[in-house]
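Undergrad: Quick one: this structure, given as structure tokens, is what I'll be asking you about.
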Amino acid sequence: MAEGQVLVLDGRGHLLGRLAAIVAKQVLLGRKVVVVRCEGINISGNFYRNKLKYLAFLRKRMNTNPSRGPYHFRAPSRIFWRTVRGMLPHKTKRGQAALERLKVFDGIPPPYDKKKRMVVPAALKVVRLKPTRKFAYLGRLAHEVGWKYQAVTATLEEKRKEKAKIHYRKKKQLMRLRKQAEKNIEKKIGKFTEVLKTHGFLV
């Protein structure tokens, strides 16, 4: 990957810990990483057990002054961010710099809605979990422990998908017209095409 290039990952369908481990390694190596659709991240194990674990974590606080921490994030993006932070030496300068190279989002906000998103096969739920194993959605867990924007994120995602469908339809139409135009002019420019091919400009 070129220096300064941003790696945009789609979190949907990935396992929380596995994706976090890979992201942590990449940011330590100096790459900028953006993770979108964090609400679609999966956690292995059934939902009820995961919820009990998170509720137990919510009870961890400083008795004399809870505002001093630990801080319990409710948004899926922040839960994922905290998971990555736990895999970094975040109290050192190197770890802090690595953490600054990571951006996390619920849904797919602009400008990332127009960028190509990648997946990490080593962290995909369909690759890593047996089909019979239970799993939970991070978005649902977050919603049940206090995240208020599940409905808003879902609405914005629907709007984005509709826009993407329209854009894809237009793109297909343009490609069809281009092919037709090439066919129409093929006989006229045939000899020029042959010359370009002999010189290696066309394959």
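Each Cβ is built from the backbone N, Cα and C atoms, and glycine gets one as well.
So Swiss-Prot has the following annotated:
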MOD_RES   A2  N-acetylalanine
MOD_RES   R59  citrulline
MOD_RES   S77  phosphoserine
MOD_RES   R140  citrulline
MOD_RES   K191  N6-acetyllysine
Undergrad: Between the Cα atoms of K191 (N6-acetyllysine) and S77 (phosphoserine), what distance do you get, rounded to the nearest Å?
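TA: So the alpha carbons of K191 (N6-acetyllysine) and S77 (phosphoserine) sit roughly 57 Å from each other.
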Undergrad: Do me a favour and check the Cα-Cα span between S77 (phosphoserine) and R140 (citrulline); whole Å is fine.
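TA: Approximately 13 Å lies between the Cα of S77 (phosphoserine) and that of R140 (citrulline).
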Undergrad: Taking the Cβ of R59 (citrulline) as the centre, how many other Cβ atoms fall within a 10 Å radius?
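TA: So the number of other Cβ atoms within 10 Å of R59 (citrulline) is 7.
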Undergrad: What three-state class does DSSP give R140 (citrulline)?
TA: helix
Undergrad: Give me the CA-CA distance between R59 (citrulline) and R140 (citrulline), in Å, as a whole number.
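TA: A Cα-Cα distance of 20 Å.
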Undergrad: Which residues does R140 (citrulline) neighbour through Cβ under 8 Å, counting only same-chain ones at least six apart?
TA: F47, Q150
Undergrad: Counting only other Cβ atoms and using a 10 Å cut-off, which of the modified residues S77, K191 scores lowest?
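TA: Among the modified residues S77, K191, the sparsest Cβ neighbourhood within 10 Å belongs to K191.
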